[in-house]
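Lifted from TrEMBL, the feature list:
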- T100, S101, F128, P129, T130, D131, D200, H203, Y225, W255, T281: pyridoxal 5'-phosphate binding site (BINDING)
- K226: N6-(pyridoxal phosphate)lysine (MOD_RES)
Amino acid sequence: MRATIDLAAVEAMDAADPLRAMRDRFILPEGVIYLDGNSLGAAAPAVFNELQKAATQEWAQDLIRAWNTAGWFDMPVALGDQLGRLIGAEAGQTVVCDTTSINIYKVLHAALGIRPNRSVIVAEGDSFPTDLYMAEGVASTRPGTVLRLEGVDAPTIEELIDERVAVILVNHVNYKTGQLRDMAALTCKAHQVGALIVWDLCHTAGALPVELDAANADFAIGCTYKYLNGGPGAPAFIYAAKRHHDDVHQPLSGWWGHARPFAFEQSYAAGSGIRRFLCGTQPVLSMRALKGALDIWDDVDMAAVRKKSIALTDLFIQLVEARCGAYGLELEGPRDGNARGSQVSFLHPHGYQVMRALIERGVIGDFRAPSTIRFGFTPLYVGYKDVWQAVEVLEDILRTGAWQEARFAVKTAVT
Ligand SMILES: Cc1ncc(COP(=O)(O)O)c(C=O)c1O
């Protein structure tokens with residue numbers, strides 16, 4: 001079967017794209033079609049400008065004074081508020097700090113502390129592994145706490161939610177399949193039995209509109225190096241609903257979370273508000289890079305991002321199935337755009353080789369074992385013609401059997 005859409009139609013979609021100008025805010029290497037912004041977002045000159053300023057003016061000239069004069073000390077909360085606008089969080093509930101893994105540790109402890117008579121953590125068996133590893137780590141420090149998993153202890157997460165559950169740790173979008181959860185509905189279901197919920201937003205922050213306050217979410221965590229383009233290892237974030245602030249305690253009780261950090265007291269007293277999720281000194285240069293990346297979002301309409309994301313991913317599925325359907329690819333994940341994040345995965349028995357062949361030809365996606373080839377579509381810088389060209393390369397690799405070349409079978413890291 002041939003695709004019903006042609007190149008001229010695809011070019012017309014680019015011409016009519018309201019986000020088209022955003023692409024110029026990013027650096028995309030010549031000859032590369034970048035479909036891995038769901039793993040590491042592209043670099044932006046605005047990020048380099050912030051880094052340059054932070055290093056050469058603030059650090060080099062202001063030295064230690066910059067903690068105050070350049071607002072370094074307040075950056076976790078200031079950036080948290082800036083990021084909060086993208087995830088539906090009123091000011092004062094989001095803080096940028098540490099890594100997603102560490103923040104999972106903090107919020108799970110905080111949630112378990114608010115529900116002291118409950119002993120169950122619920123998560124997804126096919127969650128991104130660090131979520132499970134951190135939940136295991138938390139459980140190991142709290143005797144009697146058990147972890148129950150969707151796909152292992154029951155087919156669906158809903159079936160695991162009962163009065164014994166203290167907290168549910170759940171991904172808004174599954175990292176592998178792109179399946180999007182209904183945040184409001186699952187949060188409501190958790191609250192009906194008195195459980196709390198933590199949303200992992202790694203694959204949604206910056207990818208689609210998120211409404212944490214409106215959904216009545218309790219906590220959220222996520223990273224900033226994917227769709228938010230903060231750079232490799234950029235600091236992560238925590239959201240905690242205001243109603244929990246006075247009750248939360250987290251065990252990484254470092255001085256940045258202290259009520260009076262500069263009183264240098266002998267014993268810990270948790271600070272007020274979202275600051276109590278902080279631990280120690282934060283990576284200022286990485287924070288400043290993130291500021292440059294977040295500033296870009298001041299000019300972005302999230303509804304337009306979602307619309308384009310669905311159109312890009314729909315187009316990709318349509319073209320792949322029309323042009324590559326004969327070569328053993330199977331869609332893994334939702335066909336309905338409204339149930340999908342900003343990524344598309346296909347299963348292929350030789351997915352590893354296929355992805356390596358694609359990357360060699362300049363189409364960068366990634367591979368997730370055992371057989372998923374995954375493509376992320378960042379609406380700020382991926383265009384419809386990129387989708388067209390990526391599918392042309394994929395078709396060529398599959399039709400010619402180029403992926404079977406011996407060098408692609410050698411296991412090396414695939415992004
Ligand atoms: C859902 C999810 N959670 C967590 C992480 C990573 O956590 P960290 O930034 O601590 O390595 C990822 C990374 O891809 C992820 O996809």
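Placement of Cβ uses the backbone N, Cα and C atoms for every residue, glycine included.
TrEMBL does not curate its annotations; it predicts them automatically.
Fair warning: this is a prediction, and the values are worked out from it, not measured in the lab.
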**Complete:** Cβ contacts within 10 Å for T130 (pyridoxal 5'-phosphate binding site), all chains included, total 15
**Asked** Given T130 (pyridoxal 5'-phosphate binding site) and the residue listed as 'N6-(pyridoxal phosphate)lysine', what distance in Å do their CA atoms have, once rounded to a whole number?
**Response** 16
**Request:** Could you list, ordered by sequence, which of these recorded positions: T100, Y225, K226, have a Cβ under 6 Å from ligand 1?
**Result:** T100
**Request:** Mind giving me a neighbour count for T100 (pyridoxal 5'-phosphate binding site)? Other Cβ atoms within 10 Å of its Cβ, every protein chain shown.
**Result:** 23
**Request:** Translate the DSSP assignment of Y225 (pyridoxal 5'-phosphate binding site) into the three-state scheme.
**Result:** coil
**Asked** Among the binding-site residues listed here, F128, Y225, whose Cβ has the fewest other Cβ atoms inside 10 Å?
**Response** F128
